[in-house]
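These notes are about the structure you will find just below.
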Amino acid sequence: MNRKTWRDRDLAVLWHPCTQMQEHLDGAPLITIRRGQGVWLEDYEGRRYLDAVSSWWTNLFGHAEPRIAAAIASQAQQLEQVILAGFSHVPAIELAEQLLALAPSGLSKVFFADNGSAAVEVALKMSYHAHLNRGDTQRTRFIALQNSYHGETLGALAVTDIPLYRRTYAPLMMQPGFVPSPDAWLAEPGESAEDRAERAAQALAEVLQRQGEQTAALIIEPLVQCAAGMRMHSPLYLRRARELCDRHGVHLIADEIAVGFGRTGSLFACEQAGISPDLMCVSKGITGGFLPLAATLATEAIYQAFLSDRRDRAFLHSHSYTGNPLACAAALASLQIFRDQDVLGANRQRAAALARAAAPMAELPKVGEVRQRGMIVAFELVADRANKTPLPTVGRYGQQIYRAGLERGVLLRPLGDVIYWMPPYCISEDEIGHLGKVTQDALRVAFSA
Ligand SMILES: *Cc1c(COP(=O)(O)O)cnc(C)c1O
């Protein structure tokens, strides 16, 4: 069947995520993928696309990775799903053991969910409820960073500060305190990333000084605010945030949903600051990008606060597919790959190759900055580099680059006017070279049009 047919059938029945469907009805590209292998996606006409965004930041070791595929197939013949209340299964037990062994110290219990937003909901509810169970009824507020992104359900969206996603639903949601982001791109002229982090920490200190006793938790995306446009900050901020939270009895929630599992160079981003959060959310890469799964890791102190002979002091939260055995088997296979191969070491080589491929873009007039943390590289597009003036009509150039990329066989889905690479870890040197060349061409096309 040809692509036109699939497109028509799709648009007759599907409502796509995070999409103004009118754009497709007006002719925006809609590509139906038949198969994936390594970094490549292939459509029904045999056209191939290099998946530079790891299929929304989920994929680690390439599409249809055979070891993970085999682990899922084998688990499916054994046990596909079982209720996780009153019952358990070995993949969930082993995965929890391994996650805790790998996570920053101090985390001792794993609560499973099935998507990132749900893991954030779990963390928010757990934090509030743990304080409550200890008799601290005042702590009903959360603090999040400006430009944060924590998901789409009402609680996770409430602690999200991206107006395009949040503003419409604002009347429905709790109102957290948004504090200045340590984002180094927002540094004043002459200010270093560390200066910016220190200034943001000062602002957090002032808010906690006033509202510390009403605050349940501070939620942070450690090192990279991905949805905000791969905005990066100094680990210094995480250390200062940890100290300030401790001083005020506030939980620190690390949302590692996008940055976990090696994306920033360490297995978890928090490691680069040498801190441990009270609650840590993981999802996206956890199954190597095969199946939906999420986990919220908690400290022993938080867990203990729920132990009681009263039912209403328990954490009465559940999702139907909590800890699904197939997803746990995929996650175990993915962690086995981390053990079998020196993934983080190999990624250091790949990150250096990405840096080399990205370097020529820094010379282009509309590229305000090329920034990188491990396996994430971002190109901030601006009207004027010297004073970081944003482009007029936000997102227009991003869209043009997206289309130019697709025409050249690379999936470069922009975040507004930020173009980024977040490829699967199996990307080869040649593929990195190709990615660099196509990105450069796409940038030139967009800005000469
Ligand atoms: C993607 C993401 C989420 C939400 O995860 P979903 O599985 O899409 O619900 C939350 N936090 C961060 C930092 C994310 O990148």
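One is the number of the first residue shown, and numbering goes on along the chain from there.
From the backbone N, Cα and C atoms, a Cβ is placed for every residue, glycine too.
A quick note: this is a predicted structure, and the numbers were derived from the prediction, not measured.
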Per TrEMBL: pyridoxal 5'-phosphate is bound by Gly116, Ser117, His319, Ser320, and from Asp51, Asp255, Asp384 the site also lists Asp255
Binding-site residues Trp56, Asp255, His319, Ser320, Arg413: those with Cβ under 6 Å from an atom of ligand 1 are Asp255
Reading the DSSP string in three states, the entry for Ser117 (pyridoxal 5'-phosphate binding site) is helix
Close to Gly116 (pyridoxal 5'-phosphate binding site), taking Cα pairs within 10 Å and only the binding-site residues Trp56, Tyr149, Lys284, Arg413, are Lys284
Ser320 (pyridoxal 5'-phosphate binding site) has its Cβ surrounded, within 10 angstroms, by a count of other Cβ atoms equal to 9
For Ser318 (substrate binding site) and Ser117 (pyridoxal 5'-phosphate binding site), the CA-to-CA distance in whole Å is 13
If you tally other C-beta atoms within 10 angstroms for each of the binding-site residues Ser117, Ser318, the top scorer is Ser117
Simplified DSSP label at Asp255 (pyridoxal 5'-phosphate binding site) comes out strand
